[in-house]
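Quick one: the structure is below, and I'll ask about it shortly.
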Amino acid sequence: MNCVLDGLLVYIWAELRNWASIVAKLNSAYYFILVPIRHGTLSTLFPTTRRSPSSPEQNPRRLRSTSPTISLAFLGFDSLGFYRATFIRSSIASGNRNLIQNVMAAQVPREWTGIQQFPVATQNKLHEILGKLKLENASTLTILLMGKGGVGKSSTLNSILGERVATVSAFQSEGLRPMMCSRTRAGFTLNIIDTPGLVEGGYVNEQAIEIIKRFLLNKTIDVLLYVDRLDAYRVDNLDKQVIKAITDTFGKRIWQRSIVVLTHAQLSPPDGLSYDEFFTRRSETLLKCIRMGARIKMQEFEGFILDSPIPVALVENSGRCNTNSDGEKILPSGIAWIPNLVEVVTTVSAKGSKPITVDQKLIEGPNPNERGKFFIPLILAFQYFFIIKGIQRTIKRDIETEKRPAWETWASQKADRF
Amino acid sequence: MAAQIAREWSGIQQFPVATQNKLHELLGKLKLENVSTLTILLMGKGGVGKSSTVNSILGERVATVNAFQSEGLRPMMCSRTRAGFTLNIIDTPGLVEGGYVNEQAIEIIKRFLLNKIIDVLLYVDRLDAYRVDSLDKQIIKAITDTFGKRIWQRSLVVLTHAQLSPPDGLNYDEFFNKRSETLLKCIRSGARINKQEFEDFPIHVALVENSGRCNTNADGEKILPGGTAWIPQLVEVITTVIANGSKPIMVDQKLIEGPNPNERGKFFIPLILAFQFVILDAAFFLPWVEAVDTKGNAGVLVRVEPRHIAPTQLRI
């Protein structure tokens, strides 16, 4: 029934489209047709309106309605016969309060205007790095920021983009909403995905992980930035659980394409340690925790080699960051951290391992029913040939060799007599 | 942890003269009120700066401070005397281990504190932490369950790393106010202190900067970004808390073990027994009836109990 209805609608639409484009060409006007269509036929009717992965600031909370929705389509035809479709999706299901849906037409990511705010030296370095990426035919880069809450993920996002995209509040936890920001510059698209903190009150927040997984469906991640504070003095079981959660979500391969980012880089180290010593010890402790949490072994026969150690980058997001003579924000060691970070990101993305595509299979994890399926016919064959046949043979042998009891022989003799 | 003879507070010589004078003044005031010994207990999460604070107050490196390793599970008490006044500072292991409250540490602390009297509790946390969540509430609940609600009348909050640059958009005082408010709200809800009690015994907040890079003023005293020298200020706040009228907490066996669950509702046992007796032995309430007993005497008052009477024997 449904496919018949769909077929009918497609036919009607095709006819209408032809008619409307012809009329529009004749009248050089912009025609609108307002018609209700069924929910499922959208993709067949309007193949151009794909949900593009680089649309900025996607709201991941899609409206799910269990009862059929009626969509109102505005079909506009201009004089050239091209049609553009905008939708007002209304739903008759109860519980859906939001009536207006996003515009389904493909959106163009915004221009990276924030880069103008950086000092000239930083801009030059960034342009150089992006140029190198484009030479290798990489025209888009997707970066994912993950970590505990309150470590500076949203601040780092704001610093890289040069504008205040994400709200940063010192005292309130961010909302449970991942956010993707896309910016283009000279043909190169940079997507940065900001996620909510994975730790809530002492334990890993499974709900946040589910929300992040759903948000990342069908996206490809080039680089993972694991964010933590430089001035935290303890690495304990909680960090290991966070790392385990990330590994369980994306697989071990994500760590081949990840960078550890330490914020609050402009700190005064505790007494008795120089800045470099402190930084080295902190990164070593954190990297050891990652190796243990993700169960990455260094031996080759394990099948998974971390061929190069995970790089560690320093970041200082506050306005009080020291600047050098060119005006660039610098770390206590003197290097400008924004170009440094982008350079490390490009190094990692060019390493040769494949980027992580987040598909349904990855999210759901391996199907437990598939495990050991290979053995089922073998076991059945074994059971048939060895066990069943053996038992049958034994039974037949028993029947042949058994002594018949006296009453049976007497009864059969009696039967024979008649 | 053998009982130690309190040593002379030699570390106080290391402070600049101005700090020494202020400290002597405060200790003198305490002795005037007949307080000759002061026991301070430091508690808090791990890695916030409890041992560093002990070292700073005493002026010597008593507790080992390691930036990367958790301290051992060993509480430590340091006693120092000065001009007849004894100062005991008890340093404890961090209460949080990997996302949950470390019950073993609490047990060790309880056993260590047996038969000691606590004058002041210092709840230590970092000033530059940006989130207060349910983990902090669990720690505060654990402290309240250990010592009872009264401990919060004799406690103050100490925020370390006081020499921080606040995040963008907030100046230092605003940040400090918001941080203390959030932490105090957490303490109030975790310890279930109601509004009246909180107004009678407000919890003070003191700032501390333990690193060697702390700024100093003209006298050489270590100062906060606000300009006040923090060591005398901390000791002053402690003396204020002592004098607010509440009693010090005596840690005895009863406090440690908690209320005996067998004592609960003991009052009701005789009442319930009486009630049961009445219900089951309801003969108490049955009417008296004149009847003839087995020997033939008339006029004997007998209670009518249905189960004792066969239908044929009933003669009324």
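Cβ coordinates are placed from backbone N, Cα and C, and glycine is handled just like the others.
Take a look at what TrEMBL says about it:
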DOMAIN    B:35-259  domain 'AIG1-type G'
BINDING   B:Gly47, B:Val48, B:Gly49, B:Lys50, B:Ser51, B:Ser52, B:His161, B:Glu209, B:Asn210  GTP binding site
BINDING   B:Ser51, B:Gln69  Mg(2+) binding site
TRANSMEM  B:267-289  transmembrane segment
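On this model, are these features tucked inside or out on the surface, and what's nearby?
Sequence-distant neighbours of B:Asn210 (GTP binding site): residues of the same chain at least 6 apart with a C-beta under 8 Å from its C-beta are B:Gly49, B:Ser52, B:Thr53, B:Asn55, B:Ser56, B:Thr160.
Around B:Ser51 (GTP binding site), taking its Cβ as the centre, 24 other Cβ atoms fall within 10 Å, counting all chains. DSSP assigns B:Ser51 (GTP binding site) to a helical segment in the three-state reduction.
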Between B:Ser51 (GTP binding site) and B:Gln69 (Mg(2+) binding site), what C-alpha distance do you get in Å?
13
Give the distance between the Cα atoms of B:Gly47 (GTP binding site) and B:Gln69 (Mg(2+) binding site), rounded to the nearest whole Å.
9
Using a Cβ-Cβ cut-off below 8 Å, which of the binding-site residues B:Gly47, B:Gly49, B:Ser51 are near chain A?
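Listed binding-site residues meeting the cut-off: B:Gly47.
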At its widest, how many Å does the recorded GTP site span between Cα atoms of B:Gly47, B:Val48, B:Gly49, B:Lys50, B:Ser51, B:Ser52, B:His161, B:Glu209, B:Asn210?
14
B:Gln69 (Mg(2+) binding site) has how many other Cβ neighbours within 10 Å of its own Cβ?
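So the number of other Cβ atoms within 10 Å of B:Gln69 (Mg(2+) binding site) is 11.
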Along the domain 'AIG1-type G' (B:35-259), what average pLDDT does this model show?
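The average pLDDT of the model in the domain 'AIG1-type G' (B:35-259) works out to 89.
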What does the structure give for the C-alpha distance between B:Gln69 (Mg(2+) binding site) and B:His161 (GTP binding site)? Integer Å is fine.
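Here the two Cα atoms are 18 Å apart.
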